[in-house]
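*Asks:* Quick one: the structure is below, and I'll ask about it shortly.
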Amino acid sequence: MRRRCGNHDLWLDNQCEEMNLFDEEERETMLKTCQRLMAKPRLKQLGLTYLEFEETRIRESGIAKEWRVFGSHHPDTPVVHFNTEQRKLEKLILGFQLIRKYSLHILRHIKHSTKRGKFHSRVDRIYSGWGSANQNEDYTSVADADALLLLAGDPAGEDEPMKKGTCFQQWLLGYEFPSTFLLFTKKKLCILCSASKAKILSQIEGSSGSIQVEIFHQAKAKDPPNDALPKFFEIYTSKKRVGILSKETHVGKLVSEWNKLVSEASSKPELVDMSVAVSAFMAQKDQEELKTIQIASSLTSTLLKHHVGPRLETILDKESKISHEMLAAQIEGRLGSGEGSNAKGPDMKVWNKGKGLEKIDWQLVEFAYSPIIISRSTKTGYDLRYTAESTEDNIAHKGVLLVAFGMRYKSYCANVGRTYIVDPTPEQEAQYSLLLSLQAELLKFITDGVAARDVYQYALSFVKEKNPEYEKNFVKNLGFGTGVEFRDSTYLLSPKNGHILRENMTLNVGLGFSDLLDKDGSKYALHIVDTIKVGKNESSLLTEGMKSTKDFLFFLTPESEDEKPKKPERKAPVQPRANGTPAKYAVAGKMLRNNRRAAQDEVHQTAAARLAEHQRELHEKLQAEGLAKYSEGGGEKGGKEGKGWKKFQSYRGEGALPPEVDRLRILVDRKALSVILPIHGFAVPFHINTIKNAVKSDEGEFTYLRINFQTPGQVAGKKEDTPFEDPDATFVRSISYRTTDGHRFDSINKQINELKRDVNKREAQKKEMADVVEQDSLIELKGRRPVKMPEAFIRPAPDGKRLPGEVEIHQNGVRYQSPMGQKVDVLFSNIKHLFFQPCDHELLVIVHMHLRSPIIVGKKKTFDVQFFREATDVQFDETGNRKRKHRYGDEDEIEMEQTERKRRQILNKEIKAFAEKIAEAASASIGEPLELDIPFRELSFEGVPFRTSVRLQPTTDCLIHLTDPPFLVVTLSEIEIASLERVQYSLKQFDLCLIFKDFTKPPLHINSIQSSSMDDVKNWLDSVDIAMAEGPVNLNWGPIMKHINESPYEFFQGGGWSFLSGTTGGAESDLSDAQDSESEFEAESDSFEESASSDDGSHFSDASGSESGSDFGEGSDSDAGDDWDELERKAAKSDQKRADIKKSRGSDDDSDDDRTKKKKAAPKANGKKPVKSKR
């Protein structure tokens, strides 16, 4: 029987003799009891105390029908039933003892147990403050004391606030020890406790510098009393003046015995109150304490920003009927709820959104007090005290709502309070703004050495200066010190408290106005509460969030259409002339040829130089960022961890082996994923993961079966980097068997290979689904109909059938519902990019969502979900039917074209409006703007990212292809560098390789881009600040990225991306030089060829077509003045150039070259197409 409780192996397993007395059911009951004991920090010691109590009660009474671990009066009492009729009393007592032993075993190893170094440093702080009490006002109460005594009786109930003595115990010892007395004398620390607690505290027993620790442990309940208590009392009575916490009262057996001794004593020391001194000991926090309080503050802020705020917004928006008490319970439920099989752990969907909360121990997290929710419907009114309770009244959906809650981590507290106002008046906005500005001023004023009363007076004078009429409504104190003790009144920020604030103190600062009057005469209050750390020059906030106007002001009154702000219309990107062509110089409508050519060359050289300079800056920036990013790692792997050695086990012992092993034959056990081999008379199991493959061969009358194992040093296959726990150990590389029964070896070989294949397939599927996260539930809109897009298709289809469905916008996501009843939900929080692609020049109008984490649609995972409609209509035959054939060119045909164009415009407008509503709803839901991105078709180019050539379109933030699956969405901000490959003058196409900032991701190859688009691609990449490099050949990026991942720091130290063959600037200049000899006639013919294709261009872009047409006209006009000699000279140069090109390509077919020349001119360095600018 092997179990785990927390992070500790079950210690009960080692008590073999004692455990054999109990049957399986009783053992299971004892294990559950132990797990219940370890459930919460406060209940651990509580449970141990009552175990001891119950053990004594059973021993004395001799009758027990059941165990009540926490005592019968405790509300959370777990009952452990045993059949005592047939069991001896000793067995029950033994069971109690085992559970107590195990629980104490756990306590010795818990993370927050007493640490020797921390204990000694805090003891030194106590004696240091005690020794200098005459020079420090905080310690004057113990200046003349000979000893300090702290009593602790039975543990307090869960609902009772922690006493100062209990807080002091947790601060000093790291844990609460009920029924334990601490007596500090001038030379030693005496501790009186039970024997079980003495075992835990034994680690601090001894000396700490000049301070000795002596532990007096009482006898166990079954043993006769010893002299521990009399000796401890004798030391106490020997002192003349003893400091105690006079306001605290304790109960319990040990306390009763102590009080009896005190009352019977002939001489007693004088008692003085040391509450102020105890607070001063704990006030200034060390670095470990500050780190713990920061985690508690992060927990509080995360819960506020990601649950309380959104939940309140939902309640107000829907006008949900929910009581204050119920909402407070829901907030507490984020830490877990229920018991036993119904128990639920922390809501990680909320906590995962916080920073630095990944590795905390959730068993050490609890609420400092029950959350307080107050609205105008609260029957007790607005109460700013922390003793207020959430009432059973329903939350009002108008007016002011107050929220406050605090959380503990390792017993250290953080607190926060906020005000939410529905339809606020200008006066209320001004009042809350005054509190915000006051908080900012106090953070500058609260510094080391400032008195608590000065803080209050400064705040009051600030309110008087800004608005004197609010002075009477200002709170009577501004907060208090906090730490292990939630409310330390010693450092109350009140007008009469003269205690000095010191650096590294933590305060709960609460600012507010009470008894304010609304316009209808009803009272309300405002407050803003945060936990701060006192600094040397200024204080800093530890809790933050939900303080801006958009977070706490809710305007639920519907606006009129005229009042709603209108979004600015999206403007198309400005297109400069081809390669920066300047304004044309004309005389009487004619282009001045020489001026045009000179200006064009000048502008082109300037643009090329500017691009080269910008690229040089980008490369320098990449190099500097790479060195800074990986310098701390010192050459370690950049975010890529090596494969870990995975342990696997075939069987837990010989008893688990199948009975067939007795025959000592090769056996394939699919259930255990193992192959059992007979070796020297023993059945030896091998897990399938240790086996590489099995090979069968026939030689004569024998059949051989060789089983090859995974071993280090294998260079073939994908398993060459398989990790091993100890690569230097001795490994078996293979085992061979021989038999005359060939059919059996055929069967075994087939079984082994099939099992290996199935396991590999299962692991591959598991690896593929590893990044699939379980989405939150979609919260449907209630009270009104959701916005819908009917007759929409989805890709990928959940059932593989192409049926139109409906897309609905709900509160926290989008839902697609098919006619077959299947649903696909996409949450707003999972949308990384949202695109709208109109049906201009396309057959589909698309709303596309690219996701942060993949989801399962049907049976496959996907990062992209797309909703679309078809833009064509069945009654419109674009191929030409009988109607078009006989009535071509008449008015009906023109009307049909106009109707089609208008229908496309309406469809674009409708779907775009729906996509914008998705963006608005997502921004409101997640609190972050989600922009709707629309592709720029005028900047698009053709390429092959997968297997077929597709049109790739840039957007503001991405490069996309959405028309056909597989889809492509590349986030530009994630690109490290772009490598242009196969850039050669003689080639018509080039490749683009995008390397990502996450070096563990494989580079993206976009192949076969037309060389005529090279300048457009370069200018676009440069405009979005992506560094470029180009080379004449393709690079093998697999080994390159493997080398970079092995040591990114060394890679950047060695020059980084400079190993690539220069930047585009150098290549531009080289190609420009090569083009200097090009004929003038060639340049003019290029203009003609571009204009000739203007009809095709107009099909994609009207702007592009009109521009090409103007170039055609200008070019023909500029040729009008050439004579015959000049034309012959140009023709000769053109023929010579055509011959050179044919020779370089190795082609003897003149007609092909002519046809190529007519179709498209040879690509020039400066390009021929207009350069598209960024949006």
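For all residues, glycine too, the Cβ spot is worked out from N, Cα and C.
Annotations in TrEMBL come from automatic prediction, not curation.
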*Asks:* Checking feature assignment: coiled coil per TrEMBL, candidates 465-492, 745-772, 997-1024. Which range matches?
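*Replies:* Going through 465-492, 745-772, 997-1024 one by one, TrEMBL gives coiled coil for 745-772.
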*Asks:* Determine how many residues of the domain 'Histone chaperone RTT106/FACT complex subunit SPT16-like middle' (941-1031) DSSP places in helix, in strand and in coil.
*Replies:* 16 helix, 43 strand, 32 coil
*Asks:* State the residues, same chain only, that lie 6 or more residues beyond the ends of the coiled coil (745-772) and have a CB under 8 A from a CB inside it; answer 'none' if no residue qualifies.
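*Replies:* Contacts with the coiled coil (745-772): 666, 668, 670, 673, 675, 688-689, 691, 693-696, 703-705, 707, 737, 739, 853-856, 861.
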*Asks:* Please compute the mean pLDDT of the model over the coiled coil (745-772).
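*Replies:* Looking only at the coiled coil (745-772), pLDDT averages out to 84.
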